[in-house]
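J.: Per TrEMBL, the features are:
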type: TRANSMEM; residues: 125-146; note: transmembrane segment
type: DOMAIN; residues: 153-225; note: domain 'DUF1736'
type: TRANSMEM; residues: 212-232; note: transmembrane segment
type: TRANSMEM; residues: 244-265; note: transmembrane segment
type: TRANSMEM; residues: 271-290; note: transmembrane segment
type: TRANSMEM; residues: 299-318; note: transmembrane segment
type: REPEAT; residues: 341-374; note: repeat 'TPR'
type: REPEAT; residues: 458-491; note: repeat 'TPR'
type: REPEAT; residues: 492-525; note: repeat 'TPR'
type: REPEAT; residues: 563-596; note: repeat 'TPR'
type: TRANSMEM; residues: 629-648; note: transmembrane segment
Amino acid sequence: MYRVCLMFMSEATSFASALLFSVHPIHTEAVTGVVGRAETLSSIFFLGAFIFYSKSTGYREKTKWVELLTTVFLVTVAMLCKEQGITVVGVCCVYEIFIVQRCTLQELLIILRGMFGKKPSFPQWLITSLARAGFLVFSTTFLLFARIKVMGAQLPVFTNFDNPASTSPTPARQLTFNYLLSVNAWLLLKPSNLCCDWTMGTIKVISSFLDLRNLCTLIFYAVLVILCIFAVTQQTQRSRTVLMSLALIVLPFIPASNLFFPVGFVVAERILYTPSFGFCMLVAFGAQVLKEKFSSRNCFINVALAFLIVAYGVKTYLRNFDWESEYTIFRSGLKVNQENAKLFNNVGHALEKLLKFDEALYYFEKAASVQPDDIGAHINVGRTYVQLNKSQPAELSYLKAISLFPPIIKGKSYQARVAPSHLNAYLNLANLISKDPNRLREADQLLRQAITMRSDFVEAYINLGDIQVKLGKLDDARATYEAALKQDPTNADLYYNLGVVLLELNQTKIARAHFERALQYNPDHWQSLYNSAILMQEGGDPKERNLAFKRLERLKVQKGEDPKVYFNYAMLAMDEYKFEIAEQNFKKAIELDPTFRSALFNLALMLVNNLNRPYDAIPILNQLLEVKFLAFIWEYTWMVVISIWFVWSRAVMMRSLTGFQAISAEAAILDMMIPTPLMCSLSCPEYIMVLPSLIICPPDVHRILQIPRMSSRRICDLHVEVMSHKSLNTSRGAISSRDLLECSEKEIVEGIEGFIHARRMNFNSILSRNPRNSQAMHNLCVVYVERGDLLQAEKCLQQTQVLDPTAEYIQNHLRIVRNKISELRFGDILNTVIAQRIINPYDDNIGKTDGKLQELFKINTDEELKELFKKWISAF
């Protein structure tokens, strides 16, 4: 700035001008705000281009092309920083004609008359000058066309709230835009009431010639015309300085003036950064002229100029505190302007980020009252009500926002230009009502309507696909995501969602390909990384495990606090027999989420089965039991108690058990190897796992396992809680023998039968609606097994195998049932012995003299199995 001023003014005046520029309050937004910093950066190259152009030219001199080419380069950079940077070309042209070649308006008219006369004449200096300016203008025109090409040859979409005058009729539009010129000039002269946002109702539209504000417009133009006439009709140092000051004020401001095309704001303080060059020059030069004219009052003029600089500096200092945070800057705007709904909305947004939803709601509702037709304000109100768990008023607010859209006429395309953010009214309302399963179809219609209004609204496609998945319309969801990909073919989220739908359609390979496509466009898309790694793990291909490891390792960096990542890494490590690495990752998952049941269970299982450390597994399983114990009674008790019993029994047997107890523990452990659970029949064939360890040492079990004792009434009320799972060999229930003995036989039988019957009815109900549901059919087969109807179970599993011939677990379970049928007699005898033992625990003769048992040993040819039950019976 100082160097430019030295080209036209003395050092003292140039210094005063630069000092005034450095403290001007209008610069606060350009310097402090991120958006405004583009103006600051552009102005640097703006001044650089002007300085280099001044070096490339001279009075009646040849062109210095190096400096001129440098000027073009700096103009390009200035324009890339901010479009207004291109206006430096106009400043250079004014400098070339009126300053360098010292033409006045009269001389310029004479030259033009000679050029278009009967005998055109072109002075040599004019040709050289026109060549310089023409090269600069041609380069600028090329840059301008490139910029238009980038914009797609169309202006950005602005709403009438951004710039109300732009949508007003003639002459209101012209009167308002011309009045805004005087408003900007006043902000440069007296920057006291500064505001970060001048849109919406900040400045009322001038709808009449009788509006007194038109006087401000007349005064502004009168002063501007007087200064322009003085600058172009004289050829003095003063006129040249005034001319360059006006050029630096007017030309950079023209693109943002609304005079030639509408822009997205009414007034913006940041765009006055570059025009303030000329303003500061003009003020400082005016002070110099006053001192020259009133030399006796130099001291007073200097004091006045110093006071102006200090006042600007103090205002700038105080204004910086307003820019301390979003909340403070928007609150400061409300002190100046109470008619701008956008300011109220922005204060609400700032409070939202601070989780102060009640206060935010006040400002959003205030915005809606100041500007009742502001769709965004009503959307904000609805969103805040959602945060406050007030669904009904939130829905009403969204409906109000939707009612403000231009109506959709059936059979006609939607012609109105809709701001994408406003369509969030449809999106948010759909998300709200979709929480109610009975209103999913309403949500579906809302999202379809949003897509009708704007076909490139990708978020609506994503949410519509999610709704269709919930409705079970997987094919429709697939079509929706594919349609969205036509609008945005590089959207990783769309490929991921499509992959999830394909997984539901059992098209695993295609789903995997879509996950890979998502990673192609977004290598850090964590959902695709996670799911593709799981698919690799489930695929069982050893060649892909290394890639799965790498993806999970990347997820550790991205989602270092997600326990599922460490859990799956551990499971993958187990597949590679890297048990130490698996243990580390299991423990990390448990550290991040102490209630992670799968991690706890698999860690304990690995410690026992793979690392032979049963004692280390006991505290892990104790922790597992402590996690929502009552929930486990229904869901996981069979798995946890059996595992703890298995681990504890092995650990005890490895230490101090003697004779009778060790044999019992060993028998219990070997029993775990049986493919199906033991059958105990108390007048009904049901699977009940009775813990032999309780018979070994009943008082100590509850101490070691830390299981709270339960009353017999509670045990009976729970209907013994038998839980079935995919594997038939894990369909076990778990209660203690001591508690079982406290229930009557009738209560136990009724409880078990009621539970089994309820499950069978449930699965039959599912199959009546979807006869090809292989999972429901399989679960029904499990119920038959639990009832002891193995022949029916075999028939059921055969039907299930037809429905899903590739499922290995169905084939395995069918084989197990058939084996069990062949051992049916063996199981019946065993159940009788165990049931008698439970009913009469102190009768040592049970089983030892039973003739049927001898018959059992004769029939069964499995020597190990015979040895097992010899130990079992001897333990009794």
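Heads up, residue numbers simply count up from 1 along the chain you see.
Note that Cβ sites are derived from N, Cα and C of the backbone, with glycine treated the same way.
Predicted automatically and left uncurated, TrEMBL annotations should be read as such.
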J.: Which residues, given as numbers and ranges, are at least 6 beyond the ends of the repeat 'TPR' (458-491) yet have a Cβ under 8 Å from it?
T.: 423-424, 426-427, 430-431, 434, 437, 440-441, 443-444, 447-448, 450-451, 497-498, 500-502, 504-505, 521
J.: Give residue numbers and ranges for long-range contacts of the transmembrane segment (271-290): same chain, 6 or more residues beyond its ends, CB-CB under 8 A.
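T.: For the transmembrane segment (271-290), the list is 1, 4-5, 8-10, 12-14, 16-18, 20-21, 24, 26-27, 30, 36, 39-40, 42-43, 46-47, 84, 184, 187-189, 238, 241-242, 244-250, 252-253, 256, 297, 301, 304-305, 308.
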J.: By Cβ distance under 8 Å, which residues at least 6 away from the ends of the transmembrane segment (212-232) in the same chain are close to it?
T.: 98, 104-105, 175, 178-179, 181-183, 185-186, 206, 239-240, 242-243, 246, 250
J.: Cβ under 8 Å to the repeat 'TPR' (563-596), counting only same-chain residues 6 or more beyond its ends: which ones?
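T.: Counting only partners 6 or more residues beyond its ends, the repeat 'TPR' (563-596) has Cβ contacts under 8 Å with 530, 533-534, 537, 540, 545, 548-549, 552-553, 555-556, 602-603, 606-607, 610-611, 623, 627-628.
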J.: Can you count helix, strand and coil residues in the repeat 'TPR' (458-491) using DSSP?
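T.: Counts, helix then strand then coil: 27 helix, 0 strand, 7 coil.
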